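As recorded in TrEMBL:
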| type | residues | note |
| --- | --- | --- |
| ACT_SITE | GLU154 | active site, proton donor |
| ACT_SITE | GLU307 | active site, nucleophile |
| BINDING | ARG115, ASN153 | substrate binding site |
| BINDING | CYS119, CYS159, CYS161 | Zn(2+) binding site |
| DOMAIN | 18-384 | domain 'Glycoside hydrolase family 42 N-terminal' |
| DOMAIN | 395-597 | domain 'Beta-galactosidase trimerisation' |
| DOMAIN | 611-659 | domain 'Beta-galactosidase C-terminal' |
Amino acid sequence: MTTRSLTDRLGGLAFGGDYNPEQWDEPVWKEDDALMRRARVNLATVGVFSWALLEPDEGRYDFAWLDAHMNRLHANGVAVDLATPTASPPPWFTLAHPDALPVTPEGTRLIHGSRDTYCLTAPAYRSAARRIASALAERYGEHPAVALWHVHNEYGTLCYCDHTAAAFRVWLRARHGSLDALNEAWGTAFWSQRYTSWEQVLPPRVTQWHKNPGQALDFRRFWSDEIIAAYREQRDAIRAHSDRPVTTNLMLPAYQNVDLWALARELDVVTSDQYPSAPGLDAAADAAFHADRTRSLAGGHPWLLLEQGTNTVYDRDRVLAKEPGDILRHTLGHIARGSEGALFFQWRQSRAGAETWHSAMVPHAGPDSRVFREVAQVGEAVARLGELAGSTVTASVAVLHEADAWWALGVDGLPSADLDYHAALGRAHRALWDAGVTVDFAHPEHDLSRFPLVIAPALFLLSDGAAENLRRYVAGGGTLLVQHASGYVDDRMHARLGGYPAEPLREALGIRVEEYRPLRRDERIALSDGTHGTVWSESLRAEGAETLAAYAEGMLTGSPALTRHRFGSGKAWYLSTRLDDAGYAALVARLLDEAGVAPEVPGLPAQVEAVVRRAPDGRRWRVLINHRPEPVPLPEPAHDLLTGSTLSELPPGGCAVLRTT
Ligand code: GLA
């Protein structure tokens, strides 16, 4: 089952949002029907937080209210993305199964009153989740409104309770085989941590000082496997009664309690949620970062944006408003990169409850509002893009992304707190986005040979397989940039000996890092080419590589900072510090040039996003988004699907979807 069947069922791209009719009453439902028609809504996510209504007491189900909404939506031409409500167990569940509540690393058992108050490893929770998924699927598996199943919501909640400890031990036995092997893997010879029975082994709860890094990393892996197992149980329960595709909404980009590559493989359609953390151009770049990651997780297949905000940008302790036109620009930013439509959280802004102030498609002010008018315009625009369904996107640059590498930078006791995995990934993507090229993310052990350029921004942890894969990629003709602090530990968090990065990547790079020298917060170190580094520096020896820039101050003066090595038919670059923004942009431009990668649509100025979607039959569409305050002439006039006319210029802030040959 693929997204094709979803878009076939919808008759085009998806447009809509989370719909929580249980917060409202009959007159509002009637208005919802009319407004959904006006906004061209064709897909609504229903039931995400409805457990308390669907199962008011343990084992007693009440589907009558949901039947009515399902039938009403169907009659109104709106298909349903039907959720299992397992992210938010009701209060009766807490009282019946107090052992199934989550426990923090400090040992605090959390109580109901918010959401996500469950422990994934608690047997009572898992069976309750399977039961309700099964009951829903049995009732609605063949319902004509159901176009997609939405298991749970943004899996990720962690727990450190005794159920978790027991499950962790089972997982560790399977992974390591014996207690001796676990002791070896975790380096328990240090600090008197040697385990002599499995009962002594615990999740990484709060302890006196640094936690064991091997334990911390294994716990992340274990938890990820638990999430995937829990998802599969519900998915299989649904599949027993329904032939509609099943998904769970991934939360990107900074929330990583699961190996997204592994979870994505289990989904019939990869779906995700996106909420930027800064306004303006940064929000658009964030949408692209998110979309490129989701498409990559989907293996390049079409995917679907299941949530975004109409008017919300989270900026730490406040929400900022999106600018007029942003709803369309962000929506197209995702569709350009392969999303088969765009949905929002949520349809109607809550009048009470925890997310009263979260934006929605119909705001508190009602339909007579800027936000709803823009939403309706965007719905109309998406409705005109039906012919894009099933088309895909091709990227020529890959940025490497891996769960283990991310988790490795989250353990205690690292040499610098400024090694920020998510920031490094986003920065590499942003530099490429600014340069107008389309980016894929790839796992370091994937076949990379189709990419002329690969950037590895943060591979502190590098498995033997990945080191060999990167060596092979360069030898075969690829251009690779490896950035500072890469290849320092193996997949057990053991330090690489004899110099970093790990062999055989070191051989391909033609360098040897002898000493790491993290910089002080706010320290800048001058390089010989006029650029500056921050965060990190290294004492590096060139062993075959040419030095393109050297450190120009302090004890590292003259030591290589940026190197390039011809290896086999390719080139391997190493950057041993975090370059300043201008220096990094210049480096990326040089790499693109050397690798022969041109902007996706040549001839456009900076800040005009351009991505091409291609259909298997040769049809192509250029999706263009002008983030500039002035009009931008197009390289050549073309038919624009949004306006239905021939366009020769993009207005300020304007968008176009051009059909090309
Ligand atoms: C998440 C959730 C939604 C909602 C939004 C708010 O993505 O899935 O339930 O809480 O955040 O931004």
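Backbone N, Cα and C define each Cβ position, glycine as well.
Sequence features annotated in TrEMBL and their locations in the structure.
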| residue | record | DSSP (3 states) |
| --- | --- | --- |
| ARG115 | substrate binding site | coil |
| ASN153 | substrate binding site | coil |
| CYS159 | Zn(2+) binding site | coil |
| GLU307 | active site, nucleophile | strand |
Additional residues surrounding Zn(2+), by Cβ distance to the CYS119, CYS159, CYS161 centre under 8 Å: ALA100, LEU101, PRO102, VAL103, TYR118, LEU120, THR121, ALA122, TYR160, HIS163, THR164
Sequence-ordered recorded positions from ARG115, CYS119, CYS161, GLU307 with Cβ under 6 Å of an atom of ligand 1: GLU307
Set of same-chain residues at least 6 away whose C-beta sits under 8 angstroms from CYS161 (Zn(2+) binding site): ASP99, LEU101, PRO102, VAL103, ARG109, CYS119, THR121, ALA122
Cβ neighbours of CYS159 (Zn(2+) binding site) where a neighbour is any other Cβ within 10 Å: 25
Alpha-carbon spacing, GLU154 (active site, proton donor) to the residue listed as 'active site, nucleophile', which is rounded to whole Å: 11
Nearest recorded site to CYS159 (Zn(2+) binding site) by CA-CA distance, among recorded positions ARG115, ASN153, GLU307: ARG115
All-chain count of other Cβ atoms within 10 Å of CYS119 (Zn(2+) binding site): 27
Tally of residues which DSSP labels helix, strand or coil - the domain 'Beta-galactosidase C-terminal' (611-659): 0 helix, 31 strand, 18 coil
Between GLU307 (active site, nucleophile) and ASN153 (substrate binding site): CA-CA distance (Å): 11
